[in-house]
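Have a look at the structure below, then the notes.
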């Protein structure tokens, strides 16, 4: 006869696609690290006060009453008796971070309006939209009925709200209705199913984790880390909130009795070893057969080429990471590895604090080449809509750049920056001769190529880009020193307020894309088609949804790292440099009181990577449940190569076509190539470990390596 403890252990063991890696409970040091994590998160305002919680509940209550009033009015307008209209109901559901319980101060609320069958979506975007306009608390109201998931966005009494709509095939919507039943989706259209999926997925995630409180705290930490490291954005090809939630939930399933600090550490361990594109699943796929498309590589050929599939647990199952590209996956894989090295220092060695995990990387010092996207409009209202549309299409530009054989990596920073003008630009109000610091535009014609010698590097091909229907050349900017020619659009010789969007012409927003070029002999990169294809896609979509207005513009400019001072405030650049410098300092004295060898971060990461490599050399066993239906797409590995360009690379004249943009990489000066820095001292960790003067520390380090290797062998069998 099994005891209650054994029954609970059996339940935890079978939670998820595979059995847990370990059922071990937390140690005292794990509780200490968890308390430290809580204190660190509070410094970043990750918790919400009781006052704000009550404020959000009041807002949702007001919205719920508005929905009931609107449905009642719509019912009466359809000749329904008032006494019957009083009973049809209607309800507001929440999902996303608010429903998961991981929202922070100032975060938005994802909501869903559920209506009975006689209320149409057209009513939602007309009469209900008008009703919202009448509310004094509502500002920044805008509707996006043509979106993949139609939504009304608003600011309700200081809280941003994204509100979806779905109607069920029911006469009434009672307040006690649960959306878990799959049969509720019967006879619904695709847009209603997508809208309902948000709530259904969120509720299912909470049902599939063994300890909700530990899950929430770990998820708060991972979301903060992802945002600080610039990999939190579903629209730009990274992971969105629901994807991060599912990864943390999978970690909770593998370590059901672990506390939050341990879960954060194991999160990086699991997904730094994950064999993408093997899918992440929280449960077996449901076989409901209501006719809706589901993620299934056995049936859908396109599903076999998803690069980082994370499958939602509610029917119809979908890949929540459809937008991930080779570049964004490469960037996230690097961040997983770095996160593992840092959390090893925090949890195992005691050489670091949680603050180190949340230090933002030095994006503006990471690359030597950048593309700047500038989106501008004439009014704040137009800028809000235009900025949202451009941002939703940036991933298409990343795809275009990835398909260019000369580009190894295109790293888009998800942060949208307001337009910035340096003092030199503001003071320059009249045409002048070009200066070496003036950044060129991507459509600046160039005339004669300069050839350089670099090693050849190949890149796997990508899917073809979207076909373009109209021509919208990119606005050019002045050429840099040594480049002659004029663009398709006249421009002043030197940037000035009138040539910048947002200064006299409206408002502006910027996105930065870091580029890594492949080392190729006689390199001459032409990005004309890549940029024009992107701008045409944006303008075509704007015309289709009737958003295009006078003053809406897109510009794309190529700059070198040293020219970023014209676009980024000096304090931001200094902050980035300071972060980079602080990361290079030796680790501090261990907080656990032991004496450990003094090691550089490079050595730390290499030791961690050596341990990883030792485990990864073993044959990995896939999840048996996945093998039957998942056929792994053959996708070549791609390294990031973040520092393989010469600091003296520049645009030089090349070609006579006035519509072409060519970049040639000049290495006439001595280049400082930084590629492979992380692999130069692969044996330094071992040599420093052997040379440690403290035998107790040495014994602890060796035991740690053995324990980690054993756990990772077990991990390979589960993932």
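Placed from the backbone N, Cα and C atoms, the Cβ positions cover glycine too.
What TrEMBL records for this protein:
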type: BINDING; residues: 95, 96, 97, 108, 109, 110, 162, 223, 232, 241, 242; note: ATP binding site
type: DOMAIN; residues: 214-359; note: domain 'Poly(A) polymerase central'
type: DOMAIN; residues: 362-577; note: domain 'Poly(A) polymerase RNA-binding'
type: REGION; residues: 421-503; note: region 'Disordered'
type: REGION; residues: 565-683; note: region 'Disordered'
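Across the domain 'Poly(A) polymerase central' (214-359), DSSP classifies residues as 75 helix, 6 strand, 65 coil. Least crowded of the binding-site residues (95, 232), judged by neighbouring Cβ atoms within 10 Å of its own Cβ: 232. Proximity of residue 109 (ATP binding site) to non-local residues of its own chain (separation of 6 or more, Cβ distance below 8 Å) is seen for 56, 59, 60, 94, 96, 98, 103, 159, 160, 161, 162, given in sequence order. The Cβ neighbour count for residue 162 (ATP binding site), using a 10 Å radius and every protein chain shown, is 18. A C-beta separation below 8 Å, combined with a sequence spacing of at least six in one chain, links residue 242 (ATP binding site) to 96, 198, 201, 202, 205, 312, 320.
All chains included, 22 other C-beta atoms sit within 10 angstroms of the C-beta of residue 97 (ATP binding site).
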